[in-house]
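K.L.:
From TrEMBL, here are the annotated features:
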- 9-131: domain 'Enolase N-terminal' (DOMAIN)
- 139-487: domain 'Enolase C-terminal TIM barrel' (DOMAIN)
- 263-328: region 'Disordered' (REGION)
- 269-291: compositional bias 'Acidic residues' (COMPBIAS)
- 506-538: compositional bias 'Basic and acidic residues' (COMPBIAS)
- 506-560: region 'Disordered' (REGION)
- 541-550: compositional bias 'Low complexity' (COMPBIAS)
- 551-560: compositional bias 'Acidic residues' (COMPBIAS)
Amino acid sequence: MSSSNVNRIADISCRAVLDATGHYGVEVDVTVGWGIVRSQARVSCAPDPDNDSDRTYYNSVISAIDTFDTSLKPRLVGAPLTESRAIDSVLDTSTQASPMPPQIAALTRSISTAVWRGRASGSNRPLYRLLAEEMKTPTIRLPTPIVSVLGGGAVADSELGFAQILIFPLRTTSFKDALESVVTVHQSISKVLKSEFGVGGVTVADDGSFAAPLRDVEDAIRIVETALDNSGKIFEMGIGINCGASHLWDAAKEEYDTKWNWRKPEKESVDEEEPQQPTEEDVEHETEEPSTDQPPLSSGRMHSARSESRSTPGLENPPSARPLSPKTSYTPLEWTDLLISLIERHRILYLEHTHILEHDQELKRLFGYCSTHNVLLAQSRPILEAFGEIESVLPLSLSTSLSEANTLTDLISLSADLQLTGHAVIVDCTMQKITETVSADVAVGTGSGLIKLSLARGENIEVVNQLLRVEEEMKGLAVYGFDLWRVVEKTQNELKAEFDESERIRKEEIRRRKEEEERARREEEERAAEEERRRVEAEEAAAAAAMAAEEQPEELPDEE
């Protein structure tokens, strides 16, 4: 077989497979002259559990595969892997629907990944090196991990409306060191949650974060702050929030509603029934003493006997002791004010998906505030496209992407365009749910410098391990971290300097008070000693006078 035929596509086989949540994804095998290249992709939507549509969902995946086999596969078989951009162009134009249906998008993404991976293997290069060459990236850059630690909204079945609470390292010089810091804080958060909620506090959300029974975003932030303080990483890590604004926006009320009621059907209205008279048995139960075998549940929150008897270390006012704030709905103006207040009160250094596209004025107001306070923003691709002048308003804004790109060619073009205008692409793996390491290669190859993941899902751990392998392969030649991250690190350094200065002033004040107290104590002792000396002298003088009076002879009367 000639060398030209070795790298030509001989066959493409597609099948439906299961992802980590038991939903269907797609797997593709691209057969070439030297072997088979495999890739997987999850379908970005899941079946509606309330409508019993699992079979329909499976059929839609099978239908997408059948459509590919009949219309696209004949156009791709025989194409050389070296023409990966041309193959991606065919895949991009495979459907006129906009946006592309999720089943078709997953299949397209999986085929594109397999083709690029096969092209890299055929030239004896890792995929990240091939992508770096296509991006014309001068150096290989390892990303800084942004880790989702607490989930809410659409990723966790809890009342917390905000989608994710995130942490990221600031003072690390390698991915290995960054990972070590993140794991330390992640374990500390687990301990705080177990202490507060028992084992129910460390259940895993869809994105791999902890799905603790939290209701208020400030409760979630305080738990993270407590864990950072307990682990000694309070000034070595940053805190971020993924607002998930599109899920919080209530178009009917025209407000952002932070009380999440996902998958909870509304109660049907029923006619009020007349109250029934209590029976003798009910009266007997009411007069019985309450059982003390089980700890009480407070406000519907999960508690354990351990959390009832022991408070969280370092958490002075635990979430279970605070009622839910009555304010849960916000107008666009109030919503922006809320986000700004969270930044000011909790040193939030990263915000993601803050507004829907229609609220352009509030977006610009938040952008303006963040640009003067060194807070990084991540917005969706449509928002960045709608605000073409955004680089003049806020040069620190970012865009999350990977699932938004249907092919690797599309992702390369998006990354290049954004980086030229001072933006960057965050490779988001938190909702990957498929055992696939291409996210690691994309993050390194495109030079984005940022990757968003979790530490409680096996498919994300595969991405982490791949990044560790890349760092070892580069043997110190790769650059670590995101350039704009230095701005946030500077902000954190300034905060630490302010804290150190306040600590110096506080310690100086304590030292001054101690000196004053010691001086006052000495003066009091000297005053008491002086009074005692005077008292003794007075007593001695009185005694001497009395003795002298006794020794003086009595005068005899004169005789006539």
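For all residues, glycine too, the Cβ spot is worked out from N, Cα and C.
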K.L.:
Which residues, given as numbers and ranges, are at least 6 beyond the ends of the compositional bias 'Basic and acidic residues' (506-538) yet have a Cβ under 8 Å from it?
P.N.:
none
K.L.:
What is the number of residues in the compositional bias 'Low complexity' (541-550) that are helix, strand and coil, as DSSP sees it?
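P.N.:
Grouping H, G, I as helix and E, B as strand yields 10 helix, 0 strand, 0 coil.
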K.L.:
Please list, for the compositional bias 'Basic and acidic residues' (506-538), how many residues fall into helix, strand and coil according to DSSP.
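P.N.:
Helix, strand, coil within the compositional bias 'Basic and acidic residues' (506-538): 33 helix, 0 strand, 0 coil.
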